[in-house]
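Now, the feature entries from TrEMBL:
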- 2-118: domain 'Response regulatory' (DOMAIN)
- 132-231: domain 'HTH araC/xylS-type' (DOMAIN)
- ASP53: 4-aspartylphosphate (MOD_RES)
Amino acid sequence: MNILLVDDEYLEIEQLRYLIQGKYPLWNIFGAEDGVSAWKVTEEESIQLAFIDIRLPGEDGLKLSERLKEKHGGIEIVIVSAHQDFSYAKRAIQAEVLDYLVKPVIEQELFAVIEKYLQEHKHVVAKSAHIHYVIKQIESRFSEKLSLQEIADEIPVSASYLSHLFSEEIGSTFQEYLLTYRIHQAKQLITGQAGWSMSRIAEAAGFSSQHHFSNIFKKIEGMTPSRYKEKNKK
């Protein structure tokens, strides 16, 4: 799934990117700091959901939203504003946006909006209920020993069929998705649980050993967990 974040403040884009990627690590997230850049992204990429700040250099966020809806009918827009102003909210409703968020964006409200989108557009991430179920199991059971065969038995369908369906719809294998999700969870623990040892983090993220965890982490992130911790010290 492709997400576009439009805000003239780079740190606002990065904050939303961090939150979204922590829960949906395989989504593609694009950033733009003005309407011109945002328009260019939508011309080059198929964007499903965009979070657009109202106050942008030049064209404001609502006008940009209206143009994007006209040009790309399938895109859904969430307006983000630092102002709890009814006139803005009214214009947002008239522009037929998905929702309206007030800064500073609260994590629970952000994910509630994303969940609202997913409920209305389940075909975007998973065309079938089977794959939707697999993703939910990964998100809730990533810390456990989890296999595609086990989930296939729960549905029930054959593991080979489910494996093919997952790769076709998500664009990666089940194992790749699971490992990437575990690494993103581990990154949150590394930065959020300063007192935890790497072996404890590895176990909490679902890895059988610290050695395996370190190898996968380096393969995905390009550095060791210890180096990542050092770079992200608060």
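Glycine is treated like the rest: Cβ placed from N, Cα and C.
Residue counts of the domain 'HTH araC/xylS-type' (132-231) by helix, strand and coil are 74 helix, 0 strand, 26 coil (DSSP-based).
For the domain 'Response regulatory' (2-118), residue counts in helix, strand and coil come to 56 helix, 25 strand, 36 coil, using DSSP.
The Cβ of ASP53 (4-aspartylphosphate) lies under 8 Å from the Cβ of VAL6, ASP7, ASP8, GLU9, GLU12, GLY61, ILE79, VAL80, SER81, each of these being in the same chain and 6 or more residues away along the sequence.
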